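TrEMBL annotations:
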{"type": "ACT_SITE", "residues": "E96", "note": "active site, proton acceptor"}
{"type": "ACT_SITE", "residues": "C355", "note": "active site, S-methylcysteine intermediate"}
{"type": "BINDING", "residues": "C124, C128, C131", "note": "[4Fe-4S] cluster binding site"}
{"type": "BINDING", "residues": "G181, E182, S213, S236, L237, H238, N312", "note": "S-adenosyl-L-methionine binding site"}
{"type": "DOMAIN", "residues": "110-350", "note": "domain 'Radical SAM core'"}
Amino acid sequence: MKFTPEKPALTGETLDTLAARLRERGEPAFRAKQILEWVYKKRARAWDEMTNLSRPLRAWLADTFELMPASLVLGRESADVTDKLLLELRDRSLIETVIIRAPQDGVGLDHSRKTICISTQVGCAMACAFCASGLAGLKRDLDAGEIVAQLLQVCHREDARTPRARAELASFDNIVVMGMGEPLANYDALIRALTIVNAPWGLGFGARRITVSTSGLVPKILRLADEPLGFRLAISLHGATDEVRGKIMPVNKAWPLAKLIPAVKAFSEKHGRMVTLEFILIEDLNDTPDQAEKLRDIALDLHAHVNLIPYNTVEGLPWKRPGVARQERFADVLRDARVSVTLRREKGHDIDAACGQLRLKTEKEREAAA
Ligand SMILES: C[S@@+](CC[C@H](N)C(=O)[O-])C[C@H]1O[C@@H](n2cnc3c(N)ncnc32)[C@H](O)[C@@H]1O
Ligand code: SF4
């Protein structure tokens, strides 16, 4: 389903597209920069805050653009260091954005490193068997303005906790495109959004601190490798053989490992930086010594970092998280071969952390209330 909003979101405009709209109205070129400065540096939340613009121009802007296409309906803080934001779009669709805080020695939580996990679609069409985001299929793609708006919402929230030292600073340290949806299936909106996030007139956020995660759309991985902005890449592998991967990821049929691995290699050779292999550990499915050995070989071949993620259980799905001893045994096979590996500790399990769960739960509650 495609959603065509009444007005485009200002957060989806680039400096050039905004300048072109303003030119049609007879405004000088520098106005576009002024307006975007209000949005991304001064973080204005209402048109009337843009006090160096004339009243008629502000009125025209309000008639022409939506200032913020995503509103916060729920902000949940977990007992650990993960906050989950549930945002509502103009068609009432719900999306999730997550703030993951990594405390640093000697400073409080407010000064911890922050990674923001953003969504690119409402739902997902890839139908991975373990994932809550894909349970109800794909509802629609997000547009670039909706992707950027998630980060601005985080900026507003974080600025209220910890004022920025300088206007040009973003309010977080890393972006991972690992929320709801398959980012490379919404390629053009993704690239436009990340271009806005990266631009000096936007959030001015370095491409090297942005990681795009994909279930493995091979042609799009190759296209991403050619983008001038060097984003980082993470691959949701979850199976080290076609047999195991094919059981849980339908995408493996079109793009089996024999096609995926050379594409990842081409990407990392082009960028000269490590790709990350995401591997969810699911009990009795992919947590065996044989899978660990095969994953080790793939990681060594690709010079990749491996992120082991103990599965977050999803209501209604049969998959289980293995015990800690089994997780460690799996990780040891990789560590022994000097593969760069992290075994992720639990983050946000108490706030429906498995991506897409909070949205599904809230939609169910809404239906029941209706
Ligand atoms: C939700 S996906 C979004 C990005 C992209 N579609 C992908 O698959 O890489 C981000 C990561 O979350 C993982 N994930 C999904 N459901 C999970 C769960 N229940 N527990 C742990 N990780 C999960 C995915 O496998 C993937 O590695
Ligand atoms: S893991 Fe990624 S690709 Fe698979 S259903 Fe979930 S969001 Fe979609």
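Residue 1 is the first one shown; counting continues down the chain.
Just so you know, glycine gets a Cβ as well, placed from its N, Cα and C.
Features as recorded by TrEMBL, highlighted on the structure.
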residue: C128; record: [4Fe-4S] cluster binding site; contacts (Cβ under 8 Å, 6+ apart): G134, S215, S236, H238, I248, M249, P250, V251
residue: G181; record: S-adenosyl-L-methionine binding site; contacts (Cβ under 8 Å, 6+ apart): S119, T120, Q121, V122, G123, C124, S133, L138, D141, L142
residue: E182; record: S-adenosyl-L-methionine binding site; contacts (Cβ under 8 Å, 6+ apart): T120, Q121, C124, A125, M126, T214, S215, L217
residue: S213; record: S-adenosyl-L-methionine binding site; contacts (Cβ under 8 Å, 6+ apart): V176, V177, M178, P183, L233, A234, I235, S236, E278
residue: L237; record: S-adenosyl-L-methionine binding site; contacts (Cβ under 8 Å, 6+ apart): G216, R245, L277, E278, F279, L295, I298
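With respect to ligand 1, the recorded positions E96, C131, E182, S236, L237, N312 contribute C131, E182, S236, N312 as residues with a C-beta closer than 6 angstroms to one of its atoms, given in sequence order.
N312 (S-adenosyl-L-methionine binding site) sits 9 Å from C131 ([4Fe-4S] cluster binding site), taking the C-alpha atoms as the reference points. The binding-site residues listed here are S236, N312; among them, S236 has the most other Cβ atoms within 10 Å of its own Cβ.
In the predicted structure, the domain 'Radical SAM core' (110-350) carries a mean pLDDT of 93. For ligand 2, the neighbouring recorded positions among E96, C124, C131, E182, S213, N312 are C124, C131, E182, by Cβ distance under 6 Å.
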